[in-house]
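What TrEMBL says about this protein:
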- 7-26: transmembrane segment (TRANSMEM)
- 46-65: transmembrane segment (TRANSMEM)
- 100-118: transmembrane segment (TRANSMEM)
- 138-158: transmembrane segment (TRANSMEM)
- 170-190: transmembrane segment (TRANSMEM)
- 238-256: transmembrane segment (TRANSMEM)
- 276-297: transmembrane segment (TRANSMEM)
- 309-328: transmembrane segment (TRANSMEM)
- 386-404: transmembrane segment (TRANSMEM)
- 410-431: transmembrane segment (TRANSMEM)
């Protein structure tokens, strides 16, 4: 297999592995609060929102050290170990206890930081400035198939049910745990690049260094990665992109946890309210996959750069927020186990709710594919620190959003996303114009990015 074929194979395996892991994890996130609401009459006293807030809070802090960990053990092994912790978190729901639930939330936060830093490193190592757009799209589209499969199962398994039994819960989470482990094992299929050398490993160095020297080199790389993360954090481009990244963190919280909870709380949806959570996840996945395919795989035909895609993303999201505001009761995110009988500005419509799910996914893919692409382009030499900063900002904003989701009515959550999304789009445009100018100075074709 040629070098380019091997790189493409690695990208596909990377995407498929993430697809399996996040089929399990995102399905778990979509139904966690609904399942926990049914558990709170027992000895279990936990909150899905609080758990996700812990996860993203720890994730954000862990991104300060994740480049160093990836530098020491390598991206492949980092992803394998992280995948195991994802599986353990999901397995907690088979027989949940409060202490295990929150402990697993802390551990998966650390694992997620390492996983996504290693993913960005692996994506960049197997791409160049001509293929980063295509590879970002392939990875994102494969990843988002995760929203289809898990939610499809939930939709059919929970159709017509208003209460989730212990047997239903165990069956779902045993299956999701196995799926996550399959994705973890697939990381072993990623092939190393013969021409990719870590700093300090040139020529015959590996033959003459002893174990102590090798360990010292790894530690030096870890320290260098940490210093590079701090340095990159304060560059103009990274600060501007951080506003865009912050918006993706707020949206991630909304579509992966809050919106499904809202749908499941609307009593006017009748006996379908719980199964509609799974159907909503499917429509989000369709939007994500469509966006990844169009704006990633077909990026070569886009001669206008990334800005039009981001503009489409924010317009699609604003339409979705407007429709959700009219369709969903204001108290839906914080409704009790009995649900809510309130009505917004229209009788709640299942069709409008599913349309909004699709629009949320499509808009999210617009932002994330372009952020992955521009980070890989701008920081091809410092991919691990750059992607660590990306996940740091995204996850800390997701943590904040999960925290206030326990208290804020729907209208205030939507307003926060509108404001941050508006400014995030402007800052992305600023960085993209700078990237285009730099590319033109090198005499390269703008469409190649």
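Using N, Cα and C of the backbone, Cβ positions are placed for all residues, glycine too.
TrEMBL entries are annotated by machine, without manual review.
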Stretch among 46-65, 100-118, 170-190, 309-328, 410-431 sharing the most Cβ pairs under 8 Å with the transmembrane segment (238-256): 410-431
Top partner of the transmembrane segment (138-158) among 7-26, 46-65, 100-118, 170-190, 309-328 - counted as Cβ pairs under 8 Å: 7-26
Interface present between the transmembrane segment (7-26) and the transmembrane segment (309-328) (three or more C-beta pairs under 8 A): no
Result, the transmembrane segment (7-26) in contact with the transmembrane segment (386-404) (3+ CB pairs under 8 Å): no
Candidate ranges 7-26, 100-118, 410-431 - greatest C-beta contact count to the transmembrane segment (170-190) (under 8 angstroms): 7-26
